[in-house]
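Visitor: Annotated transmembrane segment per TrEMBL: 6-32, 52-73, 85-104, 111-131, 151-171, 183-207, 213-235, 247-266, in sequence order.
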Amino acid sequence: MLYELFLFGLLSGITTWLFGFGGGFVAVPLLYTVIIQKWSNESSVGIHAMQIAVATSAFVMLCSASFATFRHYRSGHIDWQQIRFLWGGIAFGGIVGAVMASLFNGNWLRWIFMSYVFITIIDCYYRPGFMVTSVQKQNYRQNSELVKGGIIGWVAALLGVGGSVMTVPLLRRRGSSMAEAAAIANILTLPLSLTATLTYCVLSLWQSTPNEFIGLIWFEAALFLVAGTWIGLYFSEKFISKLPDLWRAKLYPLLLIIVLLVMLFVN
């Protein structure tokens, strides 16, 4: 089963490079499925399956976002003007979201996750500015951007996703290409995943878990996912970076639909 995590890590690396998401939206449903199969629902691990999936996802995102940010920086896809004020808000929101996730019932967390994905899919298809980017110029006011960043960080850490499902549509409507939006989304994942990972470690050290766990983080599974993700990122940069912008925009919500279906039909 761990080798399957490596293969899905490859897929995660590709989607992380092309669309700015993958660490959370691939890892959370996948890890949840693997945990339920490996341990029973009634076991001490199975009871916390969703929290473990979310915490492990945060660690995987930290590793994948670090590598992706470095590669995007070298490729010149980053507009630093758009992330100055979002960064701090996301870091703070990540701490709040991680604390709340550790207190939530796992089944409720799963349904919140699916509702969030569903709303994003509808937003991509029916609200203007995603499929064809907006050309409207916007001013980035500090207070407004800090609030937006805080909301993104809170929701993303609560659900174990990188926040790209909010930042990519936001950046598209500010006129960014999918390549630019994906690059910035990966950068914005860094403060979120770092604060969320540290918070999960501190909050869950008291819990009794198997040897391959560090708190709620399933470290063994995370290593397989990270290894696959890094290889997938490298492959994507070298061979499929030239995928047309409109194709990327159309594929984005389709991939979210797949994630939603996986979570919906996994018991």
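Every residue number used here counts from 1 along the chain in the order it is shown.
Cβ from N, Cα, C; glycine included.
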Visitor: Among 6-32, 52-73, 151-171, 183-207, 247-266, point out the range having the most Cβ pairs under 8 angstroms from the transmembrane segment (213-235).
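Guide: Out of the listed stretches, 6-32 contacts the transmembrane segment (213-235) most.
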Visitor: Same-chain Cβ contacts of the transmembrane segment (52-73) under 8 Å, 6 or more residues past its ends?
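Guide: Hits for the transmembrane segment (52-73): 12-13, 16-17, 22-24, 27-29, 31-32, 35, 45, 98, 101, 109, 157-162, 182-183, 186-187, 189-190, 192-194, 196-197, 200, 204, 213, 215-219, 221-222, 225-226, 229-230, 233-234, 237.
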Visitor: How about the transmembrane segment (111-131) and the transmembrane segment (183-207): do they have 3 or more C-beta pairs under 8 A, pairs 6 or more apart in sequence?
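Guide: No, since the transmembrane segment (111-131) and the transmembrane segment (183-207) share fewer than 3 Cβ pairs closer than 8 Å, they do not count as touching.
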Visitor: Against the transmembrane segment (247-266), which of these stretches has the most C-beta pairs under 8 Å: 6-32, 85-104, 151-171, 183-207?
Guide: 6-32
